[in-house]
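Peer 1: What TrEMBL shows for this protein is this:
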type	residues	note
COMPBIAS	154-163	compositional bias 'Low complexity'
COMPBIAS	164-179	compositional bias 'Polar residues'
DOMAIN	188-260	domain 'TEP-1 C-terminal beta-propeller'
REGION	144-179	region 'Disordered'
REPEAT	185-215	repeat 'WD'
Amino acid sequence: SLHLNRVLQEDLGFLTGVALAPDGHSLILADAGLRLQCMKPGEAPSEIWSCRYSEGAMLLSTHPDYGVFVLQSVETRGLYLLRQKESGEFQESLEFEPNLENPTGTYVLVTQAKPESESSFLCASSDGLLWKLAKCTSEGEWETSNLWQKTEMPETPTPETAPSVQDSSTDSWSPPSQLRTQQRRKIHSGSVTALHVLPGLLVTASKDRDVKLWERPSMQLLGLFQCEAAVCCLEPWLGPDSTLKLAVGDTLGNVYFLSWE
């Protein structure tokens, strides 16, 4: 049975997202005011980030190794990465400029966004499209290095100037890195409502009622299940025998328990 441990009776506003912090102990709260707050065990929430734009919406996702990702879902104005220090504090580490290839020129509303690997990021939209974004070199080759790790400025050969160069690089501002479309494909006929990156697999679901299991990175369709209504939520986990299990909810209130071997 479920037992109530605590009620946080504070005016946190309209919460739009909750995720576990990279440290595995704190919670990250996103609100309609385009702010992020961190709630540590036994402490009141504290603001760790706020959006520079006053309107729009944002998507929150966290990764234990990479950090906290915030994507401006309207017009994809920016992708921001916050790193959590060993002390538990946060710092805005990197900023990216996503470029979602859109030949039709139609309005793009990103509904799901998550890092796929250390060198790629996934975005899914309200019209069932999936973009794989990555960084491209000036020679036109896709980078495979870790995008989510801040690159330190190289030290100068002069010992006297090396410390000052290192200090200035810490506080200096650099323009956001551009992420270009590496792959773009239609994965659903309706708005994508779930996107989960698993080892070698990708799970997606949509308002078109479909739950789909894909192989990564080939994007070969491995499994398909159709619910009675639009899928509104999905949560994957691995069973004791390492089989993939899914809990899926639709807009009619049905809950489906799926497994794949």
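Cβ coordinates come from backbone N, Cα and C, glycine included.
Each of the listed features needs to be described in terms of its position in the shown structure.
Peer 2: Residue counts for the domain 'TEP-1 C-terminal beta-propeller' (188-260) under DSSP (helix as H, G, I; strand as E, B; rest coil) come to 0 helix, 46 strand, 27 coil.
Across the residues of the repeat 'WD' (185-215), the predicted structure has a mean pLDDT of 97.
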Peer 1: For the repeat 'WD' (185-215), what are the same-chain contacts with Cβ under 8 Å, counting residues 6+ beyond its ends?
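Peer 2: Long-range Cβ neighbours of the repeat 'WD' (185-215): 111-116, 122, 124-130, 221-234, 236, 244, 246, 248, 250, 256, 258, 260.
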